[in-house]
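Engineer: Take this structure first; my questions come after.
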């Protein structure tokens, strides 16, 4: 009962994830008024205003110019996010967070969000079998559970009518919610008419926001899984793929082996073989000028290693990573996929991890892993369908963290102007609500409440990867252990009592056999042939 109560309290504190379109804002009224300031149930007021958690405020977007890569204006809902949908949202005070200020900022806990704690992300290959299976079960649970608090948009804002009279939103499961968000942030812009799109636009890739955006994405994903499962120690594991020759996580006990019937499919022995992917047909959406509606589009595809070796010669090495981390400049030149000597561009995979120069036609580092998987993960818009996406991006984020700790950059290193659309410091990340600015997450993960096990010193790493998991498991089942110990002690006491009783009875029986006389005493030992009684040895 105590565990249940604690889980309920934590669930209330964490609340809902930091994601796209809260149900409370997916209404005609919210679209008409452009106000997304939901009530926090804790005090019954919008944004928790009565208890000082936050208040409803105007959204002020950055007016700094973006780069020339996107020459249009006013044709895409993601421009100046989120003004196409809402111009008033909750602004939270102190350490409070969430779309209604009913939650805490990343890394903070407690009813007043005053407790700071660090969660540990660990290498999936060093986790115990039980921990690996728990992670997989959480993924499957998310895939089969409709999000309680959030919906997705299935149409553009114009299609919903000037007064929001035709709201176009749809339910979605928790896992696919994040797949859809990754699709939405990277989809092409519709210019009007079937197939008429602008492809050189992406609010989370090919420029400065690539690393901060995916950092927030992972934090939100962890938060949603904690809420769904009640496991508030959950963190996303990473796959350290440096110097690998094969897909080490592509086994039936982890992310699914290759099917023996079709090398492009997942083995039937894996739970992922039954998954249906979404948002993997960008050409169809462009030709029909529609937003992905998250309908199932077939099985998860993966055929690791059978890719174009001319484009991806190998999986990145330790040397590649070290070279990237050593680059002092975060962004350079045009701040896009043609940037030279840019840490971000090398790590994202558009530049060489040997020279730092852009290499059109080749994919390195982050991009190399996506193409190496040779399947669903190899297409940007649908790549998050593959659960390896999470392991891969957790490791990419750890490299970003290494760079931040090595160079300790000041905030103004991050570009404030002329980056491709959506990537300037002051731009709000698409499509997240509440609102997060890119530059606010150009900082160490220690501030955000998580750490990577392999970045610790050897002693701490051993403790975190081999000792702490078992202590956490013992803590989780301490009541069972205590009960088992008490039961064992009770059984031992009963057995001891029985032995004492038997021994006392035996002593009394021995005393009865003695003859109290002043003459010759009865011999201590009898022969069984004398009177038919059992001997001492036989009795024992």
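For all residues, glycine too, the Cβ spot is worked out from N, Cα and C.
Bear in mind that TrEMBL entries carry predicted annotations, made automatically and left uncurated.
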Engineer: Which range, 485-512, 513-540, does TrEMBL list as region 'Disordered'?
Structural biologist: 513-540
Engineer: Which bits of the chain, at least 6 residues beyond where the domain 'Tyrosinase copper-binding' (205-222) starts or stops, bring a Cβ under 8 A of a Cβ in it?
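Structural biologist: Tertiary neighbours of the domain 'Tyrosinase copper-binding' (205-222) are 17-19, 67, 106, 119, 178, 181-182, 185-186, 234-236, 330-331, 335-337, 344, 347-348, 350, 380, 390, 393-394, 396-397, 400, 414-415, 419-420, 422-424, 427, 429, 432, 436, 438-442, 445, 448, 450.
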Engineer: What is the three-state DSSP composition of the domain 'Tyrosinase copper-binding' (386-397), stated as helix, strand and coil residue counts?
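Structural biologist: Tallying H, G and I as helix, E and B as strand, the rest coil: 10 helix, 0 strand, 2 coil.
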Engineer: Taking DSSP states H, G and I as helix and E and B as strand, how many residues of the domain 'Tyrosinase copper-binding' (205-222) are helix, strand and coil?
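Structural biologist: Split by secondary structure, the domain 'Tyrosinase copper-binding' (205-222) comes out as 13 helix, 0 strand, 5 coil.
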Engineer: Average the per-residue pLDDT over the domain 'Tyrosinase copper-binding' (386-397) and send me the rounded value.
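Structural biologist: Summing pLDDT over the domain 'Tyrosinase copper-binding' (386-397) and dividing by its length gives 98.
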